[in-house]
Amino acid sequence: MVETVLISSSFIENNDIWALSKFTFRGLKSLTHLSLANNNLQTLPRDIFRPLDILSDLDLRGNSLNCDCKVKWLVEWLAHTNTTVAPIYCASPPRFQEHKVQDLPLREFDCVTTDFVLYQTLSFPAVSAEPFFYSSDLYVALAQPGASACTVLKWDYVERQLRDYDRIPAPSAVHCKPMVVDSQLYVVVAQLFGGSYIYHWDPNTTRFTKLQDIDPQRVRKPNDLEAFRIDGDWYFAVADSSKAGATSLYRWHQNGFYSHQALHAWHRDTDLEFVDGEGKPRLIVSSSSQAPVIYQWSRNQKQFVAQGEVTQVPDAQAVKHFRAGRDSYLCLSRYIGDSKILRWEGTRFSEVQALPSRGSMALQPFLVGGRRYLALGSDFSFTQIYQWDEGREKFVRFQELAVQAPRAFCYMLAGDAQLLLAPSFKGQTLVYRHVVVDLSA
């Protein structure tokens with residue numbers, strides 16, 4: 001129990017005091033006059049004056065207040081208190097030096113920052129991660145060639161963790177793409193060797209069963225998968241990285257997926273990106289042997305038609321896109337040389353930024369609560385997280401994550417947890433959580 005001390009005035013002046021505890025005035029409910037003048041206080045604990053119910057006069061003059069986020073609460077308190085406070089001035093930072101604390105505008109305090117913190121470690125390597133919802137539950141499908149499986153994890157809303165759920169045999173899996181079509185769950189299993197398959201989840205037996213093979217003569221060495229809908233129909237496309245195969249499009253019809261179009265033969269394709277903007281579905285195919293090719297969907301032909309190339313980057317390992325305001329951007333990662341950020345100018349793309357990226361195999365823009373980030377991985381250094389600067393219209397370096405040889409980055413919302421999955425080819429698959437930190441708290 002806190003004892004209330006009957007003291008009406010306290011003059012703690014000229015004492016060379018550098019810091020106070022937030023409990024300094026606890027129990028002094030009768031204090032009406034307080035002077036902390038001419039000390040060396042640079043900041044004050046939040047709500048230090050809250051116990052002083054009837055404080056009428058406060059003197060903080062002659063201190064070296066650092067007017068950063070730790071003082072924001074004081075500015076708010078001064079604006080609403082009935083206590084008479086003698087004018088006090090900032091000693092730092094330079095932009096606020098000799099400014100009266102009472103006059104500082106709250107909007108000048110940028111006190112909210114963010115961070116990616118390690119949340120869960122999955123003790124296995126993986127090369128792709130695909131979150132999906134099925135029957136109101138959240139899952140993630142990961143390709144694990146080292147474990148010869150497509151592993152499906154389920155989000156546990158009680159324990160707030162990803163848990164083992166099921167495995168699909170896949171000795172050389174490079175991508176496991178889940179698709180929910182007419183309330184039925186399918187997983188397209190792309191393998192470097194031994195053929196690629198489509199599995200179907202049977203809710204009666206609660207297991208995955210093989211539905212069909214994918215033509216091994218057409219898809220020889222798949223490297224990436226994209227699934228999407230156009231005009232109500234479901235499709236998936238497979239990027240083929242072999243000399244003799246072809247990047248191919250498959251369409252769902254009644255009880256299976258059927259070959260629909262051969263898009264790009266003999267070009268060692270490495271990545272696909274589906275873009276559905278302005279009512280014009282497009283598919284961008286990146287290749288290790290030529291510039292990325294843009295295909296646009298023809299509703300008359302019900303096929304993709306080559307529209308042009310992204311000539312600025314002749315050897316993109318992967319291509320991703322994002323929109324900022326009214327502008328559309330492409331992010332193209334390169335294993336040798338700088339990765340590029342391009343903006344669509346109406347008739348062509350123009351380069352707006354180059355990012356050092358030696359050894360990059362993974363690049364992913366993503367949006368978290370209105371904040372836009374870019375994750376750039378490398379085989380030779382740690383992952384770099386960039387944040388979009390709207391004023392400069394560029395990405396600025398934000399944070400470094402200790403991820404070994406990432407092969408993908410995947411953002412997902414799990415309840416109120418904002419998570420970034422980083423499958424690693426050489427190490428553990430890491431799950432980071434995006435947190436918002438109020439520096440004024």
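Just so you know, glycine gets a Cβ as well, placed from its N, Cα and C.
Just so you know, TrEMBL annotations never went through curation; they're auto-generated.
According to TrEMBL:
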- 63-112: domain 'LRRCT' (DOMAIN)
- 115-157: repeat 'EAR' (REPEAT)
- 161-203: repeat 'EAR' (REPEAT)
- 207-254: repeat 'EAR' (REPEAT)
- 256-299: repeat 'EAR' (REPEAT)
- 303-346: repeat 'EAR' (REPEAT)
- 348-390: repeat 'EAR' (REPEAT)
- 394-436: repeat 'EAR' (REPEAT)
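Counting residue by residue with DSSP, the domain 'LRRCT' (63-112) contains 21 helix, 10 strand, 19 coil.
When Cβ-Cβ distances below 8 Å are used as the criterion, the repeat 'EAR' (256-299) is approached by residues 186, 188, 198, 211-212, 215, 218, 223-226, 228, 230-231, 235-250, 305-321, 323, 328, 330, 332 of the same chain, each at least six residues removed from its ends. According to DSSP, the repeat 'EAR' (394-436) comprises 0 helix, 29 strand, 14 coil. Outside the repeat 'EAR' (394-436) by six or more residues, the chain places 112-131, 138, 140, 142-143, 155, 157, 160, 162, 341, 352-353, 355, 361-364, 366-369, 373-375, 377-379, 382-388 with a CB less than 8 A from a CB of the stretch. Per-residue pLDDT, averaged over the repeat 'EAR' (207-254), rounds to 91. Non-local neighbours of the repeat 'EAR' (303-346) in the same chain are 224, 249, 260-261, 263, 270-271, 273, 275, 277, 282-284, 286-297, 352-365, 367, 372, 374, 376, 388, 390, 393-395; each lies 6+ residues outside the stretch with a CB under 8 Å from one of its CB atoms.
The DSSP breakdown of the repeat 'EAR' (303-346), given as helix, strand and coil counts, is 0 helix, 27 strand, 17 coil.
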